[in-house]
Amino acid sequence: GGSSSDPKPLYYSAPFLSDDSEAEGPEEQGEAAGQRPQEEPASGVSKGRAVLIVLILCYVNLLNYMDRFTVAGVLPDIEQYFGIDDGKSGLLQTVFICSYMFLAPFFGYLGDRYNRKYIMSFGIGFWSAVTLASSYTPKEHFWALLLTRGLVGVGEASYSTIAPTIIADLYVKGRRTAMLSIFYFAIPVGSGLGYIVGSQVSNIAKDWHWALRVTPALGLIAVLLLLLVVQEPKRGAIEAREERHLHRTSWFTDLKALSKNCSFVLSTFGFTAVAFVTGSLALWAPTFLFRAAVFAGEKAPCVDGHCASSDSLIFGVITCITGVLGVASGVLVSRQLRKKTPRADPLVCAAGLLLSAPFLYLAIVFAEASTIATYVFIFLGETFLSMNWAIVADILLYVVVPTRRSTAEALQIVVSHLLGDAGSPYMIGVVSDSLRKTDSFLWQFRSLQLSLLLCSFVAVVGGGFFLATALFIEKDRHRAENYVPTGEPHSFLSVFDPIVVPKSGRSTRVPVSSVLI
């Protein structure tokens, strides 16, 4: 059924607006209500404990993102302390994303087989220890800071691939969506807090090293909470697993089918553009704004290894708000537009990218003339950019057959990181270095300004990919919906479709949203 399954993917991938009743038919709601007494203990965890577990996982997710962006918040300090150029500073984020990206599938594999609570505790313990160690890096050993940033990826990978699967084993249907939305809300909030905490702590202590010592202390509390409070739920007990009825094909066949799926390929490239832009802005925006202020004479340059930090503070607040606003508005707009055209989703994504490009361009160009104008343009640009996240995950769910979703998710994560935000912070830094003629404040600012203009260009290209996706989306969606696995009647598939999604998609879907801040 086309119309009845319309809202379903949205309901899975856009946890923000979970209360819409259209997402589950009345018969499903009734059945869920009838089952509730037997349903809760199926996971082996009591109701109260389940809520606590979700809150603890959210707390750790918050820490995760705080840690990721603390470095960006104090980047001018780090550059001055180690005396490094922009290319090397960009490497800090690149090294981290690369280790994170390659380890995520490995931890996903472990998480499906062993006790998730202990894997996460190990990951977070390791990550806290490494972050703490990185705050004691001596001046002449910048490579040690790079190495420790790379190792931090280990902890993050262990956590973000596993946590959602625990939530999926505690709740089903609407409750699950609501809980996951709380979990994902920690992302924009955590990222913003990273900039804020990083810059303010280094401000108070007059030393950037202290910024890196906040999250390890909080991480220790997280490990204790995990070990003492969290209880490993029984895997998949809460939903009747019927996935075995779906005919699985070999990995190679899956890849071949996915590479022929135009909507999947094009939307992945469009999404890569989003990752490229957000990745480079996340690292470079506060530093760029700081240099603009120094060049315009509004702020003093770094003194005694300490730099002014109000830009990181404001940028952090903007990140929090635009993340939430953008995702929510993207989902609402596409939901309204779906009534008019089946191509709504890729069109909203394309519009988001194409609208963000001019605003980012204006923000970067206006930086020296007016700080207020720059912040307004950054706010608008980031909001439009954030409109894509939930929708791209959604497109993937309905143009790909259930048995190939995990593979598709993993592929999308690897491609969007590899070609997007793994290289972009480093690339922006290298371009900035190569454009710099002298080491004056003017050129420190101007070279970074020119290299950040690359973001607007990439955003337009990404918008083009999404417009191309719109040409194929109906055909691919129809093919996925009417896909009949060998020997299975179609009706069977549609009954179990919603059950299959979360298990296969969720475990791997996390990094998608995680990068995107």
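For all residues, glycine too, the Cβ spot is worked out from N, Cα and C.
Since we're looking at a predicted model, the values are computed, not measured.
Feature list (source: TrEMBL):
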| type | residues | note |
| --- | --- | --- |
| COMPBIAS | 19-30 | compositional bias 'Acidic residues' |
| DOMAIN | 53-474 | domain 'Major facilitator superfamily (MFS) profile' |
| REGION | 1-42 | region 'Disordered' |
| TRANSMEM | 91-111 | transmembrane segment |
| TRANSMEM | 118-136 | transmembrane segment |
| TRANSMEM | 142-167 | transmembrane segment |
| TRANSMEM | 179-198 | transmembrane segment |
| TRANSMEM | 210-230 | transmembrane segment |
| TRANSMEM | 264-285 | transmembrane segment |
| TRANSMEM | 313-334 | transmembrane segment |
| TRANSMEM | 346-366 | transmembrane segment |
| TRANSMEM | 372-398 | transmembrane segment |
| TRANSMEM | 410-428 | transmembrane segment |
| TRANSMEM | 448-473 | transmembrane segment |
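The largest share of C-beta pairs under 8 angstroms with the transmembrane segment (410-428) comes from 264-285, of the ranges 91-111, 264-285, 372-398, 448-473. For the transmembrane segment (264-285), the list of distant contacts is 69, 72, 75, 89-90, 92-93, 97, 191, 258, 315, 319, 346, 349-350, 353, 356, 360, 378, 382, 385, 388-389, 392, 395-396, 399-400, 408, 411-412, 415-417, 419-422, 424-425, 427-429, 448, 452, 454-455, 458-459, 461-463, 465-466, 468-469, 472, 476, 515-517: same-chain residues at least six beyond its ends, Cβ to Cβ under 8 Å. Between the transmembrane segment (210-230) and the transmembrane segment (448-473) there are fewer than 3 Cβ pairs closer than 8 Å, counting only residues 6 or more apart in sequence, so the two stretches are not in contact. Counting residues 6+ beyond its ends, the transmembrane segment (313-334) has Cβ neighbours under 8 Å at 10, 14, 16-17, 69, 73, 185, 187-189, 191-196, 199-200, 282, 285-286, 289, 344-345, 348-349, 352, 375, 378-379, 382-391, 517 in the same chain. Only residues 6 or more beyond the boundaries of the transmembrane segment (142-167), in the same chain, are considered here, and those with a CB under 8 A from a CB of the stretch are 53-54, 57, 60-61, 64, 67-68, 71, 78, 82, 84, 88, 91-93, 95-101, 103-108, 111-112, 116, 119-120, 122-128, 130-131, 133-134, 176, 179-180, 183, 230, 232-233, 503, 506-511, 514. Remote same-chain partners of the transmembrane segment (118-136), defined as residues 6 or more beyond its termini with a Cβ less than 8 Å from a stretch Cβ, comprise 60, 63, 67, 107, 110-111, 144-145, 148-149, 151-152, 154-159, 162-163, 209-213, 215-217, 219-220, 222-223, 226-227. Model confidence over the domain 'Major facilitator superfamily (MFS) profile' (53-474) is summarised by a mean pLDDT of 86.
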